[in-house]
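Annotated repeat 'LRR 1' per Swiss-Prot: 118-142, in sequence order. As annotated by Swiss-Prot, repeat 'LRR 2' applies to 144-169. For 199-219, the entry in Swiss-Prot reads transmembrane segment. Under the heading topological domain 'Cytoplasmic', Swiss-Prot lists 220-540, citing sequence analysis as support. Residues or ranges marked as phosphothreonine by Swiss-Prot: T250, T258, T435. For Y334, Y372, Y427, the entry in Swiss-Prot reads phosphotyrosine, with the evidence type similarity to another entry. According to Swiss-Prot, the feature active site, proton acceptor maps to D385, an assignment based on sequence analysis.
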Amino acid sequence: MKLLGLVFLLFNLFMFSFSRKLLTESGGGLHDEAALLKLKSSFLDPNGVLSSWVSDSSSNHCSWYGVSCNSDSRVVSLILRGCDELEGSGVLHLPDLSSCSSSKRRLGGVISPVVGDLSEIRVLSLSFNDLRGEIPKEIWGLEKLEILDLKGNNFIGGIRVVDNVVLRKLMSFEDEDEIGPSSADDDSPGKSGLYPIEIASIVSASVIVFVLLVLVILFIYTRKWKRNSQVQVDEIKEIKVFVDIGIPLTYEIIVRATGYFSNSNCIGHGGFGSTYKAEVSPTNVFAVKRLSVGRFQGDQQFHAEISALEMVRHPNLVMLIGYHASETEMFLIYNYLSGGNLQDFIKERSKAAIEWKVLHKIALDVARALSYLHEQCSPKVLHRDIKPSNILLDNNYNAYLSDFGLSKLLGTSQSHVTTGVAGTFGYVAPEYAMTCRVSEKADVYSYGIVLLELISDKRALDPSFSSHENGFNIVSWAHMMLSQGKAKEVFTTGLWETGPPDDLVEVLHLALKCTVDSLSIRPTMKQAVRLLKRIQPSRL
């Protein structure tokens, strides 16, 4: 049976009933490199996907394709993208493995009890496969397991209540008959021990309690509404201004300038809302981002977020001039940039060759903005949605990062935060998409994707990639071109001839380093700025 995609991320979690004889572990002291080599030896690899998995003095296993390690060189993640041709079976002992996902991969067989050896596993997703048999009790001994997704399989029985097991997110069976105890035989009065009059009394009491509870809630809500109604009338038209622009800004002036948020003045749509051009006067033009009120738990949270960002100022960040917030309307007021966004710039540059110094300037400006958010803001600011449409340009090709104002803020003692996945498909870092754990290295990954788009004629998920296997993106394409000795063909038309080839290749390698799976290998944005400044064109 040919196993698609990431089948062998599952290691020793299960054995296929029709697979070959599994390899055995050589002992408790088996090193990760030896374990990976054993895994490779059990595969049929006609396309040489694992050709870099060779034990020699020039590199260690942490640099092999698809392998990510921690600071102790222990394997913590294995993502084999584009490995549809791998075939075989194997057992691998990786005690530090923390994340394993293989959904919709046509996996069969049973889950082996040796799953209990993965003491560091946090995410285990085996949904929509063809797994059978019973779920081994060893799974419930995995103390660090946070996410378990087994739905869409053919297991016997269902999930039982297990003592001392606390999962942050448990997704188990769909369309199963044995989730929880059956109640088919427990509905008769005889077995319940209750007479009809007793049942009627209980139901009546429950209804009375429910009605009283609703009345109390309505009473409290009504009092709160009356107490705040006058305040709302006074505040509904207020605009908080951070920057003195020489003219008064009122709610009526801004809303009228947007044409009352008419479609003709709409200049962009994003995850937080739509942006409108507001021309108050010929010399005072603003961009007004109208937010979806439901994204915030009331205007108090909104005020808290904005007040924390009031001092976030950098030459390459779009300037926040002011805002309005009430229970029915929220919008931010930014300076308007007439050069459009980077997404449109990339689409339209085919009409004329773009000089290397212009592309370099844009790349450096964005890197500086991100470095400021990550390194100089306290608490640090994570953007979480770096993409070309969130990078604005003026008429001199100066680049400005937008939409940072509503990203999550981290305390100084935190290096990451667990939250729902924000961002745009194609730009989201793989570890963020898989575990919802985001750090500044997720922004670095997104920056690498944007950098590849900036220097090439490809999009993150270019239509031309459809002929390749699932998961093939601009990173896969750039690696493929390099491996075939076609680095020159990565760059947009005319760029190789006008830009110094050595500098262009350095930027290409920077983009690929920003998009590696291993967080420890990805550079910081401060390091990216340092490299870009070193190869800065002499004439700007």
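Cβ coordinates are placed from backbone N, Cα and C, and glycine is handled just like the others.
Because the structure is a prediction, the values reported are computed rather than measured.
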In three-state DSSP terms, the structure that T258 (phosphothreonine) belongs to: coil
Modified residues near D385 (active site, proton acceptor), in sequence order, restricted to T250, T258, Y334, Y427, T435 and a 10 Å Cα cut-off: Y427
Other C-beta atoms that fall within 10 angstroms of the C-beta of D385 (active site, proton acceptor): 22
T435 (phosphothreonine): tally of other CB atoms within 10 A of its CB: 19
Cα distance (Å, whole number) from Y372 (phosphotyrosine) to T435 (phosphothreonine): 26
Three-class DSSP secondary structure - D385 (active site, proton acceptor): coil
Residue pair T250 (phosphothreonine), Y334 (phosphotyrosine) - Cα distance, angstrom, rounded: 14
Average model confidence [pLDDT] within the repeat 'LRR 2' (144-169): 66
Candidates T258, Y334, Y372 (modified residues) - the one closest to Y427 (phosphotyrosine) by CA: Y372
Y372 (phosphotyrosine) versus Y334 (phosphotyrosine) - Cα distance in angstrom: 19
Mapped DSSP class for Y334 (phosphotyrosine), helix or strand or coil: strand
Modified residues (T250, T258), the one with most neighbouring Cβ atoms at 10 Å: T258
